[in-house]
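Enquirer: Sending over a structure as structure tokens; questions will come in a sec.
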Amino acid sequence: MAAATAADVAEDTASVYSGKLTLYVFLTCGVAATGGLIIGYDIGISGGVTSMDTFLGKFFPSVLHQEQTAQGTSQYCKFNSQPLTAFTSSLYLAALVASFFVASFTRALGRKWSMFGGGVSFLAGATLNGAARNVAMLIVGRILLGIGVAFCGLSTPIYLSEMAPPRLRGMLNIGLQLMITVGIFSANLVNYGAAKIRGGWGWRVSLGLAAAPACVIAVGSLFLPDSPSSLINRGRHEQARRVLRRIRGTDEVDDEYGDLVAAASEIEVYSGCSARRRPWRDVLQRRYRPQLAMAVLIPFFQQLTGINVIMFYAPVLFKTIGLGGDASLMSAVITGLVNIVATFVSIATVDSLGRRKLLFQGGCQMLVSQVIIGTLIGVVFGTSGDGNISRALAVCIVVFICVYVAGFAWSWGPLGVLLPSEIFPLEVRPAGQSISVAVNMLCTFAVAEAFLPMLCHMRFGLFYFFSGWVLVMTLFVSAFLPETKGVPIEKMTVVWRTHWFWGRFYCNQDADAHVQVANSKV
């Protein structure tokens, strides 16, 4: 019954809403999606830079010495260094703190200025890191990068979901994940080239070139219109109608415009006009409990797939299993290319197959490949970490890492960003997305901090640890995640109210209020 009701909403919307995928909205979403470049570039650049001897020699000489004298050291432990880990993870701690302030900024000034602020902050951090003279400059630069990631990570997914036609929301929103994968791949290519620069300054090129994607989103955002939902929420109704006409390519937008206004009017029906000033309190109310649970659990599960272990530390990990410096960087390039190609699979299927099927299939693929990777590494190095790996077996491990990355890239990667951005009602959307980003940053920080020590102590069992979590999240999705494909974000409440489990959080008064709002739309 629940699934049929949600499907009926999607079908009714497709028949009532006018408009199509216009070139204007495609270009607009494409420019906004470049916010993912800064996120992806940093993910890809960090692991490559920390595998460069010149970078380690300047900022972390003890790690370089440990690596070079690792004959008696476990392969699992030779890169274990708290200062090195802090360099990588400091960005995500900064993004965690910033995300709570970014929500108010995004709600008050709109999505486009939030994206602009992210680009400017990331540009400042890239400049500081490229010119770094000491570890303190590196960390301050990382903090500025983290603030930029918080701005873009919160505002861009919301913007894409609000601008896209409902039937194509998944495809256009996943453009953000595509840009993240392009950023990772570009960073891997930059690292591969920078490692060959003579004179020991190649790492400056890697870190400094983060300014390029920062400039793209900062400049591009200046030419973007704000989304109709954001404009309505700030009382700019006529401007919202004009933007809606342009992005839909038709003057017949009364039905969609009316639904957007009605969704904004739910604030008054439920709580009165003052609710506009208290989204943080409202998002904790019972009727938003289902969305809040997903906003917390989806990014939590996404990070416990172990993907950032691969993306942060791919060159270091490949060095650990016995590949040389150039070979490890090239292997990271290969996984980055797989990431891009597999993301196109999600773009092509997310609005036809739906979210649930992709998450289930991707979860099964990641589970199997992680178990195989852990087993192969365990066979070679055992629990002691001693031993040498053959080139053939190293290549085999890289292949299964690529299988794992592909499974993530068409499931938990893009959908971990899409789902939190499309499930919240307008009045609490920035606050809800802020919570999702904060959880993502907290979990990313924890994984980045813990990975090298966990690899040292858990050894190959670390991959079994992550595969266990993949099993848990796959079962969770099967039982508790409703299908949201094709359902307009202004009508998303029906998906939760008719769900077998989440429906209990909606009382009759809530349902009556929702009907009242729907009947009063203009």
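Glycine too: its Cβ is placed from the backbone N, Cα and C atoms.
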Enquirer: Would Swiss-Prot put Leu358 and Arg236 on one side of the membrane?
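Expert: Checking Swiss-Prot: the two residues are co-localised relative to the membrane.
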Enquirer: May I ask for the residues of the chain that lie six or more residues beyond the topological domain 'Extracellular' (191-204) and have a Cβ under 8 Å from a Cβ within it?
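Expert: Long-range Cβ neighbours of the topological domain 'Extracellular' (191-204): 44-45, 48-49, 51-52, 54-55, 57-58, 130-132, 315, 325-326, 329-330, 332-333.
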Enquirer: Could you check if the transmembrane segment (460-480) is in contact with the transmembrane segment (292-312), meaning 3+ Cβ pairs under 8 Å among residue pairs at least 6 apart in sequence?
Expert: yes
Enquirer: Can you name the far-off residues of the same chain, 6+ from the ends of the transmembrane segment (330-350), with a Cβ under 8 Å from a Cβ of it?
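Expert: Same-chain residues near the transmembrane segment (330-350) but 6 or more away: 44, 47-48, 170-171, 174-175, 177-178, 181-182, 184-185, 187-189, 191-192, 310-311, 314-315, 318, 323, 358, 398, 401-402, 405-411, 413-415, 418, 485.
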Enquirer: Cβ under 8 Å, sequence separation of at least 6 from the ends of the transmembrane segment (205-225): give me the contacting residues as numbers and ranges.
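Expert: Counting only partners 6 or more residues beyond its ends, the transmembrane segment (205-225) has Cβ contacts under 8 Å with 28, 31-32, 34-35, 37-38, 41-42, 45, 48-49, 52, 112-113, 115-116, 118-120, 122-123, 125-127, 129-132, 141, 145, 148, 152, 159, 183, 186-187, 190-191, 193-194, 197, 243, 246-247.
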Enquirer: Is it true that the transmembrane segment (292-312) and the transmembrane segment (135-155) have 3 or more Cβ pairs under 8 Å, skipping pairs fewer than 6 apart in sequence?
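Expert: Counting Cβ pairs under 8 Å, fewer than 3, so no.
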Enquirer: What counts of helix, strand and coil residues does DSSP assign across the topological domain 'Extracellular' (191-204)?
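Expert: Grouping H, G, I as helix and E, B as strand yields 7 helix, 0 strand, 7 coil.
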Enquirer: Excluding the flanking five residues on each side, which residues at least 6 beyond the ends of the transmembrane segment (83-103) place their CB within less than 8 Å of a CB in that stretch?
Expert: 42, 46-47, 50, 56, 59-60, 62-63, 114, 135, 138-139, 142-147, 149-151, 153-155, 279-280, 312, 430-431, 433-434, 437-438, 441-442, 444-445, 448-449, 451-453
